[in-house]
Each structure stands twice: as C-alpha cells, then as structure tokens.
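Right, one structure below, let's go through it.
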C-alpha cells in the first residue's frame, strides 16, 4: 500500500486525469500557526510564538484588499499577499518563516522583555535592519531615497509598518525563483513595491483614477506573472544563447551581468515601474539593441592572470630586473654592487619598465573590456584611452630623462655634478609617478580611513577615485583592521624576503658568469643550419627560460613552507592534538568530565548577554585549570550528584550512538559506559576501561606498605584518582552485594554489618594497618572473585556460595586482624553467632537469598562491572578496539579543552537549518548491488566485510541480540538492517541523513538537561538504572526506542542496558523546541519523477522521511496542463506522524524549469525558501556527522556574535574529517592531502591571512546575510562551475568575514579510485581555469590590499597556475638542453671551458624542481601536530614506499592539463566522479581514453626528448651527469605513464593485460558512427577529445598552432646528425628531409587505398601491393647503405625525427578542422591519427606488459595499492583473486 498522500509528481491535467486531492487544512511544517488555540503542540507552550502570531493579526484598521473575501483568521501576511498578488503557499511558507524567526529572536533576549506575551519592538527593528541592510546600502549607493517610511516611536503602527516591510521582502524573495541570484534586482523590485505599500497604508488617492491607491500589479499570481516571469525569460534566453556554455562568455549575459545592471541609475529610467517589457534590458528586444555585458566582460585569455593580479606580476618583473642589474657586475654581495653609481643609475630603468607595464595593462583592459563602452558609459571609454596615453607618456618621459643621464655622464667622462643633478630630476619625476602607491601604503597603515572613504557614497569621493577604478557596488570597505594588517603583512614579508634571497643567490647570480661567457663566445661551429649566425642570444634565452619560470612560480613553494609552520604554530596554540589517543584521554578523563560540564552545559543566566571582562577572565582561568589539570575540578563533580549524573548521561549517549553505528561491541560498551550511581557508591563510577588494573595495583601497594601508617598508604593510593575510585567502588560494591544476598533479620546479616562497621571505624581512626594484616588482602580478594563468579554463573550452587562466604568470614575474623580474639569476645562484640552451639560451619546456610534473573537484571550488570574491577590485570589501552571510535573519542575530548564559546540554553540558541542538494545518487544500497559480484568474483558486501571486519562482527552481535538466530536471515527478514549497515559505510544519502539527524537528537537531549530539575536528573538516573528493557540499536535517526523481550540469561545479560539513556526521561516537549531550532531540508530535485516512475530511490527517500521527524524533502514538480504546456512547482513534503503518510506542506509555482545555470546551485536555490533559522549549514551528499560533534553546534553558532577583527563572521568554516582514507592507499593519499588543506590550510587562510573562502561544505552561513546578497553560491553557466568558492568570493567582496573553527568536525567522503580522483581533479582544475576569467577574481585582485591579494592568488588559482609553470619548467629545461645539444653549442662550450660552473647552474634548476617536495610539508606538519612527530614521519615514509610521489606527480599533470586547456580553449564541464568502491580492474582502453592527451602523449614527448638528448649531448656521455640532470624529468615521464596501472587493481596481471590489449585493438579499429559511444569506438572518442578546439576563439587557435610547431624541431635538429648527411649544414638538407615525410605518407596512402579496395574481396591483390611496397623499401634501404653513409642508426634516428613531425601536422590540422573536414585530406588524417594512437598505446602498454610477465610484480602492486587496508586486516590479494574463504 502506498502511504504517500500526493499523486504521482509528473502528471497531466487533461480529460480522464483527476485534479490533485485538496491538501488537509491541518497540515503544517513546524508550527501549527493556523490553529494556535486548539492544537496541543509543544512549540505553542512558548508565549513568544503566540506573541508574534498576535502581532501579525493586527490588521483590523487597515484598508482591505479589493476583490478578495476577507476572512477573520487572515493576518498581515495575507493582507500583503492579496494586495500584491503573491501565491497563497508562498504566503503560508513565509508566515511560518517570519513567526519562527521572530519567536526565536525574542526567546534569545537577555534579559527577557517585560511582557513575553507581546512582540518586543526591538526584535522587529533589529530583524528589519538585518534583512534590509543590503537594500538600504543599495539606495545609498545609487543616491536614491529609501522607500522605508519609518517612525521613531515604538507604537503599534510603527511596529506593524516594519513588519509589513519584512513581510513584503520575504514574500518577494520567497517567490523570486532564479532571481534570488540577483540581489540588487530584488532590491529594485522591493524599492517600488515598498513605495506602493506606503501609498496603500497612508490611504493615498491614485491621481490617475481618483480612487484609493492600488498596486500596479495585483490579482492571482500577479507577482509571478508580471514581475518574475519577464526577468526569468530574459535569463533563459541569454542562457540559451550561450549554446550550453560553448559560446564565448562575452557573447551573452549571465546572472551577474543581469544583476549588475541594477548597480546604475539607468535601471530606473529604463525599466521603470510597473516593469516596461519594451525595455532594452529584456530579451524580448532585438539583440543588437539589447543591453550588453554589464560591469565586466569575461574574455578567454592567459593574460587574465596578469590583468587580475597585475600588482603581483609587476612587482616580480621589477624585482627580477633589479636583481639582474645588481648581479651583473659579479660582486660577492649585492650591497657591494649597489655602491657603484653605474648600478644605481641602471636600477632607475625599473621605472621605465613599470610605466611600460602600466601601458600594457591599459592595452589589456581596453582590449578585453571595450564592449562595456556604450553611449551610457562614455566616461569608461574615455578613462581606458587616457590610462593608455598617460602610461605611454610616463614611459617616454622616463626614457628621455634616463637617456639624458647617460648622455651627460658620457660627455663629462664621470659622474659630474650635472649628471647627478639629472639623476635627482629623474628621482623627483619618479616620486610623482609613485604618489598613488605611497597613498595606498598610507591607507594600508590607516585602514579605517580607507574603509570610511570607500563606504561613503559622496559624489566628490567618486570624482577623486574615478581614475583608479570603476565605481561598483561590491568591493567597497573590504579592508581589514590594523592588527590583522600587521599579521598578514609580516607573514608575506618573511615569504617575499626568503624568495628574493633564494632567487638572487641560487638562481640569478650564478647564471651571470655563464651568460657572459656564452655571449662572448665567437666562431662556434654549429652542427645545423644556424639562422642567427654569430650570436648566442637564443642559447642564452633558452638557458634563462626555466630559471625565469621558476622565479615566477617559487613563491608558491615558499608560501607552502611558511604556511605549514604558521599553521602548525596556530594549531599548537589552539591546543589541537593534545589528546591524540585513548591513553592520553585516560590521564585527563576526570578533567574531561569538568570540561564537558563547562562547555556543553549553559551557565546560569546573566542579566546581560554581553560578556564582561570579569566573566571573560573567570572563564579563561577556568579553562586554564581544566587544560593543565590545576586544582581538582572533579572533586566538585563528585560532590554534586547532579553534575556527575548529567555528565554520565551525555557520555553514555555518545557511547550508545557508537554502539548503534557498530563501531564498538557490547563488551566495549560496558567497559566505556558510566553507569548510574547505585549500590550506595560514594565516588564517580568511572568507566571500567579507566579503572582497569588499579585495584590490583592498590592491593600490591597495601601489601608492600603494610607497616606504614594508614595516612601514608592512603596518600599513595590517592595519588592516582582512578585507583582511589576503584578501591572505594570495590569496597562499597562488595559491602552492598554481601548485604544484599544475605536475608534481612538474620544473625548472619547482623554479624556482617557489625564486621563492616568495625572495619570502617578502624579506617576512620586511621588504624587499619596497625590493627589488620595487609598481607591477607590478596586472599580475601581471591575469595571475593570466587563469590562474584559463582553469583554470575548459569547454575547457581548455593552450597558453593555458602562455602565461599564462610571462608571469607574466617579470613575476616580469624586471619585478617593482627590481634586474634577468643570466640567469647567475638560473640560479645557481635562478630560471632550468639548461640554457642552454632558452629561457624553452619553460618550462612539458610541466610542466602539471590535476586531473581528475570526481576533484577541490573543487579547482574553491576555484578559484571564489579568482576571486571576485581579481576582486570591489563591497562585496557585497546578499548575501544575500533580505530575510528578511538579517533572520534580522542578528537571530541581534545576539543573540549580548546577555546569555544559557552553554550547557551537550547531555548536561547540560534536556530539553524541544514541543506543538502541531492540529484540521483545512491540513497541506500540495494540487496542485489550488495551481493552482485564483479569480474573477480568480489561483491561489495564481501569487500566491506573485509575492510570493516570488526564493525561487521559488532553488527552480527547486535543482530543476534535482537533475536537473529541464523546469518541467512540477513538476506530475508533482516535485509534492511544489512543494507543500512553497508550504506552507512559508503557515500550514500542515508548515511548523510543519519549523521545530520544527530543534531535533532542532541538538541532534544540538551533541551531536557537544560530544563530538568535536580530531582528530575537524580530520579531519572535511577529510572534508567532500573529499566529492564533491552536497547534496540536501530533507529538512530529519530531516537525511537523499541524493547525486545529476551530472557536475561547469563549469556545475554550484557545486553540488559537502559533503553537510550536520556530519551527515557523526556517529558514530551523536547521535540517541540528541537524542531523550532533545527530543520533539515534535502533538495531532491527529481523526487517527483522518481515517484512517478516508482523508482526504489523514491521509496528509500520516503522511508527516510518516515523515520526522521525533523526531515523535509523539497523537489521540483512538473505539471503537464496540455499540449507542451508545463507548470513547475517547488514542493515541500514531510511525513505526518499522526496521519501516517507523506503530506505536501507547500507548493510554490516557479516561472519555469529551475536549471538555467549550474545544476547544484540551482537545486539549492529552489529549496532555500523552505529553510529556517539564523544560520544554514550546507552539507553535501557525501558527508556524515557524529553525535558528539552535534552537541557542540550551539557553541559554534555563538561565534556569529563575536568579532573576528573588525567584523562579525558571516561564514563559519568547519573542519572536515575524511572518512574514506582506509579504503586503499590512493584513498589514503587523497585523504591526507585533503586533511592538510581542510585543517592547516584553511586555518592559515582564516588567520592570519584573512582570505578563507567557502571551499565546499560543511560551512555554516549567516542565513539572512546571504539570502539578501545572492544566496549560498553562484550559478552562472560554466563560469561558476566551481560554484562553492564563489560564495566565499561574494562574501569577501560584499564585506563579509569568513572564519575557521576546529573544535567541531563533520565527516566527508572523497573519491577513492585513480579515475574518480582524476575526474575530480579535472573538474576542480577546469573550475579554476574558469575562475581566472571571472569578475570576482578580478575584483579581489584589485580591491584587496597587496598582501591579501597575494593570499587570494596563492590559495586559489595561483596554485593551479604555478603547477602549470612547474610543468612548463620541465619543458623549457628539456627543450633548451635539446637545442644546445643538437645545435652544437653545448659541445663548443664544453670543449672551450673547463669551468663546470655553468653545469652547476643548470643543475640548480633541477634542485628547484625538487623543492616541489616541500609542498608536502603541510601534510607532515599537520600530522605531527595531531598524531605526533614520529607517527607523522612514519606515515610519510610509508606513503613514499607506497609510491605516493607517483600519485602526486600524476595529479599535478591532471591539474596542469585541464587548467591550461580551460584558460586557452574553455571546455570546462561538470564531471560526475561516482562514489563507489575501487575493487574493479579498469581496462587499458578506458585508462587510455582518460589519460592519453593529459599524460601519455606529453610523457612520450618528454621521453623522446630525453632519449635524443642522451644520444646527442656530450654532457650525457657521463652517465652520472646525465642521471643527475634528468632524473626529475625521467621520474615525471615514468609517473605519468605508469601511475594509471600502478594504482589499478590487478594492473600487472598477465591474463588481464592480454585481454586489455585485445580490447584496446578492438576499440582502436572500431569505426565511428552515430550510435557508437566514445567507449566503443576510437573515432567517436577522437572527435569528442577535440571538442574544445571547435569552440575556442581565434587567439586560442593561433596559440595552439604556435605550440604545435615545436614538434617540427625534432626533424630539424636530428636530420643534420644523420650519417647520410655527411656534416652538411645547409638549409637544403632540412628541405630535402621532407621528401621522407612525403614518401612515408604516400606509402601509407597506397596501403590504405589497397586495403579499402582489395582487403575484403581480392585479398591476394592486397597482399601483392604490400609485398611490392616492402620490396621497394628494402631495395631503397640497400641502395642507401651501399652508395651513401647511411646506416641503421640513421633509421632509428629518423623515426625519432619524423614521427613527432607527423604528430605536429595532425595537431595543426585539428585546429584547422573547419577548413579541412570537407576535403579529401581529412580521411587520411583520421586514419593517420588512428595509427598514432595505436602506436602511443603500444608504447604505454609495453612496460606494463613486461612487468605483468615478470613474476612477483602483481603481488607487489596489490600491496602498494591496498597496504592501508592490509593494516586493518584485509587480505586483498585473496579478494582480487576471488578466493573467498568460506
């Protein structure tokens, strides 16, 4: 039976199709606002909710909307909605939104308002200011008067007016759909509608009609149809004109362009109000007349890197020039050179260069932004021209003045006074030139003045700043405070000084000598035709090229080094990694209890919310005490039963969730839990894992110190808190136990009680060691163990128990006292039976009464604990045994000693939502997908069982406890449990939902603890202790409890635990406040379609809704009205617990399909209207959360109230934990790399650099700040493909503040296979390539100060750009060496000079490339900080042994290829990486398709260069020198070729290699066609691989052709070295060599023609043609060998020369494809390209085949790939062989 209420999502309203059923009136989302009086809902117990609802009902005296029947239950929201034509469900949605927010805000007031039943005006006032701050800033910027008519009186009318403005904005925003990405467009709409609202409220008369004023738009859905749809249609038309992103960005308007139109006053007279559809803004006008790009034009060019960060590149170029000038005299130290006047004057040339660079910048600006100039923006065009002219003028002036200096000096013969005067004239001119820079420096030192100037919207300021930059709405007042300025300036000063010193002393200075020698060298005998006869300038350029490239990129390395150390230091001072393992937690656990109380429990309410200095100081001192163990705070907890119990409840709940997740076993649970305080025990009952062997140690101390006084012995025992507690707990437990099992009113009972009294009295007098023999204690201990074991045994033998009790009695009375007393005295003292006839042997026989198993299972639970305390001999360092559980406990406990805000009461915390975009990913693994096997016979479940072996055992244990008798039940009655267990170990939606719903569970528990009285907690803990039902660890998501009636036999007595601890004590209203403070919205875009198709994913999403009360699902519903007419709706659904079905809450109509831009941000945007609260946490579908971390969420939200620098945060960055690191070594590398970025990297970016952005989820956003400023991300097609980071860019440019907090973490999954990782890297690199073009990056580069600009560059696109430069260094180095070797320059220099200094200089370049290793430094530093130095070093060594360097080098190739290609040609696209497990072997053909162009071809090119160089270079004759010079390059080649096979399961399996070869050949020769996909046909793949060349611009094509010309150099260089040439260096040799190419292509054409014509039917003819060709070739070679100097070596060299030429021709032809495709040449070209790909494939496969054939490599490769999994007990070699153990 289908439980969902709504019909199928995609449906037609036509004849035969009934309309959707009416929605029940009582359906609500969180608060039943429709029924405030009758509904018994927990949230309605708060007067604040009723106060807000009542304030909205004050509409009686307002003019009612016409044409609408006004109902008595309507309110202000309805009033605004009816007047302006908003949708009914939009009104309902925003009503709840507003009520919930204002109620929460009023609940947070401290002190509370005098009348809680009335809405406090300050709450409304503050919210109105917060919500409309962007609007008021916009009005001020445009010089327009705001439409807000506000009264300064706090009367009802003023309050209502503010509520009206709030309601109007929320209703506009709630229905704006895609317009929400255009915040200033919403400001424009609000501006006019608010003005109309004012006229209505003021009862104005319409001048045109003479009737009461009415809005210009009204009626049903009028706002959607008249306002939203015209603008939406414009966006849609522009997106369509982008041709799915393939059109240049400059040819169409994106979201930013359409929004930035509202940054100028022209929008008022162009668009008008009501909106004029004939405006040139709209797409309805002709494109030639339409408004073009606004604010910025995205032009695809490498020069964008220079344009956006021109200050950086100008600085580097000027420093390079200065260093070369200073180094040229070759003094020992630079300051010696600077003493020379010549050098000083030469340094003045930097001003000529500087002004020249300014001129170039002006040219670039004009060349890229010219299309912004129009009749309305003439001043912009004027400024572009003037900037170019002024820069050119400066260049000429500096050139003239500089020339005059040298003319004067040369005429005077020395530095005369006149020459010096001309120098001063130059310097005075330069001073004028740098006045803007000096001004910027002054404003950097006084940042508040700059902020004030930028935020003032005065016309006079605009006039003064017009020259420097365009006036825009964003990027104003973004500077930081002076303290932050100093911090990040110091950081960059150290980085830049280190870089300059390194560059000068190790790069530039050593090259000067060889350069001079090379320039002076004359009469060099060239070994080819040299076009530039007597000069060696080209050689000098080639030697300097790699040095210059490294000079420009090595700041990235210095940045990595210093950010690692700074990040490590900040982490150290933040107290990260102080508790790294359970052993360290054990030492601080008693302080941990106090720290939990201090941080997680709210302090007593203060009269004010502001933290006074006294409170801050008191909190700081308390933290200090906790952190360093000063004082004994646990004594306080011990004395307060309530605090101890509260701590126990929280700790136990954490341990319970870990048991539910199967991280720990039942035994681990019992060892870790803090049991309720029973049995009259006087101390805190610490977990058994902490008490472990302490009792035995205390016994041994007692025996050793038997002769010492009591006080000394007890002080030694008390030195260890756990030992003290173990002794007292053991004594109290034994006392309670013995008195419990002996019947009341028996003589034995009185004897025992008397005996205990005597011992306690002796202890009280401190005379125990004097009166009793401590040496007897071990015997008593042994008997007590026997007693406990007898009580725990299955069949209880009363006589045995009696015997043990009698033996204990004898020991206690006879042996234990030092003074033996006669029986008479014992009787007199009540320590022996009064009846002389009663023998001691009959004692206890009739006095034993054991508890009933069924009635007192808790008794046995405590008995088991006592047994553990009595018998434990080890330190229990491995409890819990699961590594993840240990990591989580260690992190949580460590975090409580870090600085975090104090937690408020749940009622007073900020409300928040979690938003997860979901499309069509896995929700819950299906039964078949778990057991279906891959080609090696391995199923996903089998793989998971081996990786998570201990968790699988725990799962089976839990299932057996729940009644499972046979494991086969897992595939029948318990299959859902099995699917959940597997899904919670993958990257599934169900895992994410379970994690996020911990927030709800935590808030319910915390709200109970906040409000519970001392009696509630004390009695409640006893209730928990006596609760006999078993815990069912199933529904973790909603905390529901089920009890399973299982007989408590001794085998399962360990299962008799309290049902979820705290949830048993709930009073029923906890979920009400939790729902008011938290809601979770998953935006399942296609849920409607999934329901219509009855997909299993829809059922699983429905189950998630059913099991999670706080979960909501938003989706887009398509309603087909008729022929091709479709309506789209944003729909929100929940599962109604009372109706027991899915119900639709809201249905808001959209103007059309939501996906106009990038999919994920559009998906988020449609659902954001259903989120609630002050904050929203963005969570991806591959994330997880932990219950213990959810407890700290209210602490984190308090960060929004603190100032970080001069601003409060708008994004709270949250630390991530990568949970996929254990799957394979690749996953480990990725995890380690990612971990260092999300911890140390982001820590440094946030502080001190102040440029942390939003790098993806799980950051927490200030919701209202962002919803009024464009949303949580940007969505323009292609340019915003990395949508997340643009939220950070937008935040920074609009004056936000991003912080980073590491006391809380969220789990995150990462890609685990090489192909997945590469696709992810490709996606991110392409996204960075698009960022280079974006206006956001340009504005950050120009609006931030110099040092923050550096930080932005090197932490975003600079990282990718410098990776590209690093690879270009290798290219420049190798091509330069090849030129020197083939031209003969290297031989000539070597023969003439014995000075090997030049060689050392060249080797320095290699050394710098090796410096790339330092980029791994952050990983090592972060590991050292969190896990210790030695484990970090060991991890690093292990990584290297597992060939991590291969992986990182390969990844660098991926980044370089896709970043470079995107900047040059575009072609960025979303790549779905998939999130599965890497257990499947990838075929060679698949790897070739992925990596041929990005890695293999480039590696082969470099390999050919290295081989040619080895054969021709005189330096290479020395093997050592050759290896030293080229080892980095060879490593690059090998890693780029071999990595896809090293990290491919069964990569070196011989049989698979053979199959792969056959599959590759099939793929190569399969012809293309319409129906063939790229994975089926080489031709289809080949055409797709060149797609980027079809959409690239003219400059892209030109640059591609220029780069491809390098392949012709091989032929030019090598032909002169053939023996057949005989040393001839004329140009004719090269020209004649082309005959070889013509002949080779001719032969290929002949054979291809013969194959096509004869191969099928006249096969003999085809063979005959082949034979003739072979004979002719053989004859030709024989003639050449006989009559010329030709030899076989020439044949090999010819291959190395001419094969690259062919590839170069093909590459150029691909660029010219539009011209060649229709000619006869194209078919030949395609078939030649096929041959080349086959050749490349064979070259790449050859080493793989060799390693596959050699024995042992397969096992070694498996070990390398799965070593991390090995350490967790995984025998992958067996798995990959498919040998499942039974």
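The count begins at 1 with the first shown residue.
Backbone N, Cα and C atoms are what each Cβ position is placed from, and that goes for glycine too.
All annotation found in TrEMBL is predicted automatically rather than curated by experts.
Small disclaimer: the values here were computed from a predicted structure and weren't measured.
As annotated by TrEMBL, domain '1,3-beta-glucan synthase component FKS1-like' applies to 160-276. When pLDDT values are averaged over the domain '1,3-beta-glucan synthase component FKS1-like' (160-276), the model yields 91.
Among the features that TrEMBL reports, region 'Disordered' is placed at 1-24.
Annotation comment: TrEMBL describes 312-331 (among others) as transmembrane segment.
Positions annotated as transmembrane segment by TrEMBL: 423-446 (among others).
For 458-474 (among others), the entry in TrEMBL reads transmembrane segment.
Positions annotated as transmembrane segment by TrEMBL: 535-552 (among others).
Sequence-distant contacts of the transmembrane segment (557-576) (same chain, six or more residues past either end, CB-CB distance under 8 Å): 491, 494-495, 498-499, 502, 627, 894, 897-899, 1239-1241, 1243-1244, 1247-1248, 1302, 1354, 1411-1412, 1414-1415, 1417-1418, 1420-1422, 1424-1426. TrEMBL lists 557-576 (among others) with the feature transmembrane segment.
Per TrEMBL, the feature transmembrane segment maps to 1359-1380 (among others). Residues of the same chain lying 6 or more positions beyond the ends of the transmembrane segment (1359-1380) and with a Cβ under 8 Å from any Cβ of it are 305, 538-539, 542-543, 545-546, 549-550, 552-553, 555-556, 1325, 1328-1329, 1332, 1386, 1402, 1405-1406, 1408-1409, 1412, 1452-1453, 1455-1456, 1459-1460, 1502, 1505-1506, 1508-1509, 1513, 1525-1526, 1528-1529, 1532, 1606, 1609, 1613.
Per TrEMBL, transmembrane segment is recorded for 1433-1453 (among others). Sequence-remote contacts of a segment are chain residues at least 6 beyond its ends whose Cβ falls under 8 Å from one of its Cβ atoms, and for the transmembrane segment (1433-1453) they are 1225-1226, 1228-1229, 1232-1233, 1314, 1317-1318, 1321, 1363, 1366-1367, 1416, 1419-1420, 1423-1424, 1427, 1494-1495, 1498, 1531-1532, 1534-1536, 1538-1540, 1542-1543, 1760, 1763.
Residues 1225-1226, 1313-1315, 1370, 1373-1374, 1377, 1402-1403, 1406, 1409-1410, 1443, 1445-1447, 1449-1450, 1453, 1482, 1487, 1490-1491, 1495-1496, 1498-1500, 1502-1503, 1506, 1509-1510, 1513, 1515-1516, 1740, 1743-1744, 1757, 1760-1761 of the same chain sit 6 or more residues outside the transmembrane segment (1522-1543) yet have a Cβ under 8 Å from a Cβ within it. Residues annotated as transmembrane segment in TrEMBL: 1522-1543 (among others).
Per TrEMBL, transmembrane segment is recorded for 1598-1615 (among others).
Annotated transmembrane segment per TrEMBL: 1627-1649 (among others), in sequence order.
Under 8 Å from some Cβ of the transmembrane segment (1661-1683) lie the Cβ atoms of residues 1620, 1643, 1646-1647, 1650-1651, 1653-1655, 1691, all in the same chain and six or more residues away from its ends. Residues annotated as transmembrane segment in TrEMBL: 1661-1683 (among others).
The feature transmembrane segment is assigned by TrEMBL to 1728-1750 (among others). Tertiary neighbourhood of the transmembrane segment (1728-1750): same-chain residues 1484, 1488, 1492, 1496-1497, 1500, 1537-1538, 1541, 1547-1550, 1552-1553, 1556-1557, 1560-1561, 1564-1565, 1578-1579, 1582, 1641, 1644, 1699, 1702-1703, 1706, selected by CB-CB distance under 8 Å and a gap of 6+ residues from either end.
Taking every recorded stretch in 312-331, 423-446, 458-474, 1598-1615 and counting its Cβ pairs under 8 Å to the transmembrane segment (535-552), the highest total belongs to 312-331.
Sequence-distant contacts of the transmembrane segment (1598-1615), counting only residues of its own chain at least 6 positions beyond either end whose CB sits under 8 Å from a CB of the stretch, comprise 302, 528, 1375, 1378-1379, 1382-1383, 1464-1465, 1501, 1504, 1508, 1589, 1592, 1621, 1629-1630, 1633, 1637, 1693-1694, 1696-1698, 1700-1701, 1703-1704, 1707-1708, 1711.
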